[in-house]
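**Q** Here it is: the structure, laid out below.
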């Protein structure tokens, strides 16, 4: 049987006799079920906004704990555990990287075996237990080194009694397990919340758009509370009360999450996605020399009707992308009626792998945005130390400066539907103001403006410091130069984060395969972790390349910010961001939404003449 080049994607051989590693075929793979895996008789009594609100609190508390630990743990390690600032920063950076990068693990477990509900339930309980462990470390003297006769001078000289090895092992253990707890929550909460809405509803797209905006609003509220209330509790009532407040918030969110159990809609886990990906790659490799026009070729293999071989997934129409992978679905006459899934895969299984590959460039282009966010959290704090942080008679703590991006995000999300959507709808004609990829692109463009302004202001700030005699005194704030000039770059990066991250989350959820929604959401968290890693690499390269000890030339990122060249570094990030934005434009232009592909497939099928009998 010869398969024509342009229409061959429409020739499918469907067989009832298929034994897979995932059991029998599943009808309506996206059909919601209850917690016992049985179809829900009355969908009107489950899901919707009410169920979503029970889920929101979990992510809000997780973000509150995540940022609360990241802001306070360096100081806790230095002032309480008597560790140097350098090693304390490394501990916190490792915490951030583990929690971001290991999100893929949480997404894998949810999609493969546990389902999103049980993954959240297990990891959020682990998270709570570890927060309690950190609170005990900050409250009980047995977990801390001796604090007697350890004043400010002794801390700076490093003469305070250091923490015992077992005390450090304890705090490292609970902190890093907390990071893994976050990894199990982050990729699942947004997907599980989106699962509560009926995709057959006429308003599904609008509901999903509003859900992800409201979801990120909850994330922002958690961050704002961490940067303000938790910092205040720590300053007024000590470390134990600060970390204890995080544990209380997580405990309350867990109670609310479990209370909503009867209302939730669930999706069946589809078995190991890594196994399915491996089967496609192995089967395609085995048939790499088989031509598409071979006479023994029967056709592309798929299950009949609406059934899918993958639990928790509907069937996916065939596309022409990555045609080399289609060889995994080529069925030969010699293979018989029940070939091994490592030699013959269904079209849906092959398309899953294609989708995962096609998604990669979009979140990859947000790595640079996350790197800028990471740089702002550290470099702008150093800038703030040299500036006047008074607002009238009120002096704002330096550690509260990161709250301003959160406040800008909060404001933009509140005004999004009343201001941005109506204006952009007139320009683009899109019912939601802009498509998901357009929103990601808008965010990336605004991030360029943010980092470019940071370079402009830093050049002015450093020139002002040199002119007014602060060149060698970088620890003294300049009374006539306000730190609130930093709000411009903070607000711009906040706006960029709203458009890019929210658009990315919605894009990944809608475009990911049915049985891989959590892994799709984990792409966003992974790009955040890689952003931290890229920021560290850029810093190391710049420090090495711009420092010359022989000529006593300091690096661009010197400890003395008034002699450093932070403005050059910001402009370097601007150039890298422009290059990244161009790559995104190319990737977004080439990308086709799954709905567009499905429409093309159905049109092609209608245009194919009936075969002669």
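Cβ from N, Cα, C; glycine included.
Unlike curated records, TrEMBL annotations are generated automatically.
In case it's useful when we look at the structure, here is the feature table from TrEMBL:
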- 64-81: transmembrane segment (TRANSMEM)
- 117-138: transmembrane segment (TRANSMEM)
- 211-233: transmembrane segment (TRANSMEM)
- 239-259: transmembrane segment (TRANSMEM)
- 359-381: transmembrane segment (TRANSMEM)
- 401-419: transmembrane segment (TRANSMEM)
- 440-457: transmembrane segment (TRANSMEM)
- 483-509: transmembrane segment (TRANSMEM)
- 521-542: transmembrane segment (TRANSMEM)
- 568-588: transmembrane segment (TRANSMEM)
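Quick one: where do these features end up spatially?
**A** Residues of the same chain lying 6 or more positions beyond the ends of the transmembrane segment (64-81) and with a Cβ under 8 Å from any Cβ of it are 87-89, 91-92, 95-96, 99, 127, 131, 134, 138, 144-145, 147, 155, 162-163, 167-168, 171, 175, 178, 182, 222-223, 225-227, 230-231, 234, 239, 242-243, 245-246, 249-250, 399, 402.
Counting only same-chain residues 6+ beyond the ends of the transmembrane segment (117-138), those with a CB under 8 A from a CB of the stretch are 35, 58, 62, 65, 69, 76, 80, 106, 109-110, 144, 167, 170-171, 174-175, 177-178, 180-185, 188-189, 192, 238-240, 242-244, 246-247, 250-251, 253-254, 257-258, 261, 264, 266, 518.
Using a Cβ-Cβ cut-off under 8 Å and counting only residues 6 or more beyond its ends in the same chain, the transmembrane segment (211-233) has close neighbours at 52, 56-57, 59-68, 71-72, 189-190, 193-194, 197, 241-242, 245-246, 397, 399-400, 402-403, 406-407, 409-410, 413-414, 416-417, 498, 501-502, 505-506, 509.
Beyond the ends of the transmembrane segment (568-588), by six or more residues, the same chain brings 361-362, 365, 367-369, 371-372, 375, 379, 437, 440-441, 444-445, 447-448, 451-452, 454-455, 458, 538, 542, 546, 556-557 to within a C-beta distance below 8 angstroms of the stretch.
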**Q** Checking distant contacts: for the transmembrane segment (521-542), what same-chain residues at least six beyond its ends satisfy Cβ-Cβ under 8 A?
**A** 93, 96-97, 99-101, 103-104, 106-108, 183, 186-188, 190-191, 359-360, 363-364, 366-375, 501, 504-505, 508-509, 512, 555-557, 569, 572-573, 576
**Q** Give the nonlocal contacts of the transmembrane segment (359-381) in its own chain as ranges (CB under 8 Å, at least six residues past its ends).
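**A** Residues 398-399, 401-402, 405, 437, 440, 443-444, 447, 450-451, 454, 486, 489-490, 493, 496-497, 500-501, 504, 507-508, 511-512, 520, 523-524, 526-528, 530-532, 534-535, 538-539, 557, 566, 569, 573, 576-577, 580-581, 583-584, 587-588, 591 contact the transmembrane segment (359-381) from elsewhere in the chain.
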**Q** In the same chain, which residue numbers or ranges, 6 or more beyond the ends of the transmembrane segment (483-509), come under 8 angstroms Cβ to Cβ?
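**A** Sequence-remote neighbours of the transmembrane segment (483-509) are 190-191, 194, 208-209, 212-213, 215-216, 359, 362-363, 366, 369, 372-373, 376, 380, 383-384, 387-389, 391, 396, 401, 404-409, 412-413, 416, 434, 436-440, 442-447, 449-451, 453-454, 457, 461, 517, 520-521, 523-524, 527.
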